[in-house]
Amino acid sequence: MKLPIYLDYSATTPVDPRVAEKMMQFLTLDGTFGNPASRSHRFGWQAEEAVDIARNQIAELVGADPREIVFTSGATESDNLAIKGAANFYQKKGKHIITSKTEHKAVLDTCRQLEREGFEVTYLAPQSNGIISLQALEAAMREDTILVSIMHVNNEIGVVQDIEAIGEMCRARGIIYHVDATQSVGKLPIDLSKLKVDLMSFSGHKIYGPKGIGALYVRRKPRIRIEAQIHGGGHERGMRSGTLPVHQIAGMGEAYRIAKEEMASEMARLRTLRDRLWNGVKDMEEVYLNGSLENGVPNILNVSFNYVEGESLIMALKDLAVSSGSACTSASLEPSYVLRALGMTDELAHSSIRFSLGRFTTEEEIDYTIQLVRKSIGRLRDLSPLWDMFKQGVDINSIEWAHH
């Protein structure tokens, strides 16, 4: 077993060796290096064929028509293109958008930008289990609501939203529904031929494909229109200009092909490992599970260890690559906005750790993790005056701290 142990698969994944091998075929002179938009010679045709194959592989995993898949530079761009693109195109129908407070920053910051441009956005608070109440969503819908953006799986706590029911509600009212599926694709079955979802964002690097490539599903029946955000050449049916990076697209296609084949067995294995990890730490004092084991993806476990500071815990766990909050926001020392939105105290949110497991996680690594966590928590609590006070029965919330 090699240290440190990587348990941050929700931040990114290593490229699967099969994917890396596939990508190598599209880089050098002796490979298929052409521009897929070059229509006048074989180099271009072969590159275009590789893109078509990948587009089909992605469409097959999610039950879409390949013509509904638009390649982007990643899920962040897909979220931007979907939300800004739909808002700009349909703004004559209304300027109201609904999303949730626990979305990824790529959705929240995009909505904030649209607010600056004159749109109105309702940010729904989830219930304490992380799920958006369908009644609250319905109550927020108005005559001028044009777009709802609610993710499939949350990147911090792994809870799964009922995108099927939300889709039905939106379709019945003629509202466009966008789903960020970055954390669910390849982990949960998605069938867009049955779901009433109009726009869906995908990433390559969260399921063992390369970074810097993603896709946006844009429904054809009923036809959804979006306004392009990047212009120049009219690639990707006019929705996203720019020379297609064939090596990255082929890599993403291969990653999605592998996911389709291995998803069922891989998720069963990860569920066993995640449950093993939780069972190994849940009997400690003041340990809380954030999210839900029943209604969550099998690869994410978010746990709060009360009376232990998250930052010091991460330092103590230096042999584990884990995160507190998500990588996109962990550069700041603010407690996780997702956990705060669940109604958690700052202290408890600050003491949370996200363990995310993946294809190369082993049972041996999980057992080592359990031992290390138990040892580290014990040591940090021995050093903590707050833990002493808690053990003596002092109500810490009632203490008035001196302001120096």
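Counting starts with 1 at the first residue shown.
Even glycines carry a Cβ here, placed using N, Cα and C.
Features of the protein shown, as given by Swiss-Prot:
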| type | residues | note |
| --- | --- | --- |
| ACT_SITE | C328 | active site, cysteine persulfide intermediate |
| BINDING | A75, T76, N155, Q183, S203, G204, H205, T243 | pyridoxal 5'-phosphate binding site |
| BINDING | C328 | [2Fe-2S] cluster binding site |
| MOD_RES | K206 | N6-(pyridoxal phosphate)lysine |
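Structural mapping of features recorded in Swiss-Prot.
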{"residue": "A75", "record": "pyridoxal 5'-phosphate binding site", "Cβ neighbours (10 Å)": "26"}
{"residue": "T76", "record": "pyridoxal 5'-phosphate binding site", "Cβ neighbours (10 Å)": "21"}
{"residue": "N155", "record": "pyridoxal 5'-phosphate binding site", "Cβ neighbours (10 Å)": "25"}
{"residue": "Q183", "record": "pyridoxal 5'-phosphate binding site", "Cβ neighbours (10 Å)": "26"}
{"residue": "S203", "record": "pyridoxal 5'-phosphate binding site", "Cβ neighbours (10 Å)": "28"}
{"residue": "G204", "record": "pyridoxal 5'-phosphate binding site", "Cβ neighbours (10 Å)": "31"}
{"residue": "H205", "record": "pyridoxal 5'-phosphate binding site", "Cβ neighbours (10 Å)": "23"}
{"residue": "K206", "record": "N6-(pyridoxal phosphate)lysine", "Cβ neighbours (10 Å)": "27"}
{"residue": "T243", "record": "pyridoxal 5'-phosphate binding site", "Cβ neighbours (10 Å)": "13"}
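Cα separation, K206 (N6-(pyridoxal phosphate)lysine) to A75 (pyridoxal 5'-phosphate binding site), rounded: 10 Å.
Annotation note: S203 (pyridoxal 5'-phosphate binding site) sits in a strand segment as assigned by DSSP.
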